Amino acid sequence: MKFSELWLREWVNPTIDSNALAEQMTMFGLEVNSIDAVANNYADVVVGQIVECDYHPNNEQLLIVKVNINKSNLININCNDVSCRKTLKVAVHIVESDDKLLQGKLCSFAELGIRDYYHNIGIIELPIDAPIGDNLSNYLKLYDKIFDFSVTPNRADCLGIVGIAREIAIINKLPLKRFFTQSVAPLIINILPINVIDSIACPRYIGRVIKNINSRMNTPLWIKEKLRRSGISLVNVVIDITNYILLEFGQPINVFDLNKINGGLIIRRAKPKEKITLLNGYKATLTSETLVVADHSKVLSIAGIIGGIDSSFTCASSHIFLEAAFFNPLVIRGQARKYGVNTEASLRYERGIDPMLTLHVIERATSLILDICGGQPGPVINVTNTAALPKPATIILRRKKLDSLIGYIIPDQEIIDILSRIGCKITNITHGWQILTPHWRFDIETEENIIEEITRIYGYDKIPHVPIRSNLLIQQSHKETILPLERAKYLLVDRGYYEAITYSFVDPKIQKLLYPGHVMLHLRNPLSLEMSAMRLSMLPGLICAVIYNNNRQQKNIRLFESGSCFIPSKNVDEGIRQNLLLSGVKTGCRFDEHWSTKHQQADFYDIKGDIEAILELTGKLDQFEFKAQEQSVLHPGQCAAINLNSETVGWVGMIHPELEEKLNLSYSIFVFELLWSKINQRKIPKATFLSPFPTTYRDIAIVVKEHIRAADVTTECKHILKTKLISVNIFDVYKGIGIPPGFKSLAMRLILQSDNSTLEEEKISTIISECIELLKKRFQASLRDEHYKEKWNL
């Protein structure tokens, strides 16, 4: 947002320069991005008046004008602008020649570097009261500065000059110029019937009919300049006046052509599929939650957002209807984004405006229109549902809470003075104050908000820095037993993954597809319908990221993300359980395309290997168990729960084919999700003795029932062989010819080593035989071949 420093100083004028003012604004929460000069210093451009204007004797397209610049002699200027005429006040660039004769040139705004702000690029036409001979920079106040600043979403009251001036007055302990507009007496009895059907969405609607205005009048230069310096384009005199009031008070005003309104106004919700052509030419199809202003035959505007062409004011309009309203921010919010329009009005209505300003701005607009355009005003029409208007908050401020949060004691009188300057009404109570907030401060709702305001205005720099003191005993840190999340992230990056950061807000439709029957948290004021639910898992965001990238020809996708999920639960104090998760997705080929490798799709075991690499970091991979267990979001034949000490700490698998079909996926997506707080305890690594003796291995193939898990078999081998077994790996699973139905063959490699001596063949045979016998007892296993193959590790 931009504003003129001189305009601001009309309301409050602290004795500080522009830079100090900018620093002050930034300190109280309005971050100033830049300060720019309005224009260059034109010391040799003055106000002149044309006293004679004749055609050049040798060129009919050229005029010779004589201009009075309040010097002893008139100066002659050649000009080709046909708008030159006698008595016109102009801007004259004075040039003194070598023989001391004055020469000049009539200037346009374009030549002064401000062309973009005016439709007329001809010579500058100054008001008739412009003082002849006065420096143009002084007359137009071109020494002014333009402040470009940002307003935080909670400070809608600062979206107007008056709101900014109020803050500066509070900080500097200065009075704010009082704004009081005398009521304009009606000259006609014409009113427009207004029917507010949804008075919750529109608690206050104020309007006025004005007839017989001259809408072709020129906008006064002082309004033009203030709009120009605020970055607002000129339209026509009436719209310029309403834009001026918008910038001054932060209250939008809409103007309808009275002749285009059929019967009266109705403030209601749109009918499904109802259409309107907006001022920007876009033909919008409305939805039933959109609030509109309509007449008896058509929609005139999207309330609080933008008007429609069918009722728009033009320079041909002579009868108008002014509208100023308070629309509920919850109803307006998100509508501008839905219809692809962001207007100055929507910016303010979405955040909330002061409902007490609506009548004032109608009177102010009426007064300016009558002064500039003439006309006959009707009576003010006021439709208000007082019960639905926002009420100032009543807050109890405890002295003890104030001192505790600030860590410093501000005197009582200083606190009362600060609150009074803010506009609060204060009542002393035991151990504190009862405070009624001002009607323009929607953001002050809690005791903490009041304390923040007191601290901000008192000055953070005035609160001394006090070292923190504590009587707490320093306990031994167990940091080395906690696996840092960053370590796991780096490992995934090393394995070809990219970190993604998605919103905590997800599309409830997609989340419901993934987790049917699960209760989710819905946002009261979402950014959009597609971001209106809190995520139960990281998967909705990651799957959407996969779809987004795949649609852009990225086929081999590996993404991971860490963050909190929000699960409603009655078992926690605040009703929401937040779990820190580490999740990942994988799709596409196992390896990047290369001439030396075959095309292989990634599968369940690839992503399982990635998880095992993470779990290996804990130093206790052997304690984790992958157990087949169905999950609604995953393929029933390709999913597993990850258990630690019989507790589920994660999931891995392929997205269910039915979900792939509903999401229009033509490729398989493999996912994992780990409860980080359940797996991040790690075993501190210790140096172990390395045996100097050689290893040896044996391959055996056993036949077991199909339901027996390979992991259970390998675990049993480790238990049987204990210190003699270095590792055991399954290298083949076979079902088919030679294997009875309901059975499978598991081929394992057992790697053996002794710490005390080289293992002899007899010892190895004994160890393997004992292992086989125990596997037979435990799993009713049998050797696939009576003679197992022996191999020596050379």
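Using the three backbone atoms N, Cα and C, a Cβ is placed for every residue, glycine included.
A TrEMBL annotation is a machine prediction, not a hand-curated record.
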Candidate from Asp443, Asp461 that TrEMBL assigns to the same Mg(2+) site as Glu452, Glu453: Asp443
Other same-chain residues whose Cβ falls within 8 Å of the Cβ centroid of Asp443, Glu452, Glu453, the recorded Mg(2+) site, in sequence order: Arg441, Ile444, Asn449, Ile450, Arg456
Glu453 (Mg(2+) binding site): tally of other CB atoms within 10 A of its CB: 21
CB contacts for Glu452 (Mg(2+) binding site) [other CB atoms within 10 A, all chains]: 16
Tally of DSSP helical, extended and coil residues in the domain 'TRNA-binding' (39-137): 5 helix, 44 strand, 50 coil
The domain 'B5' (390-465) [mean pLDDT, rounded to integer]: 91
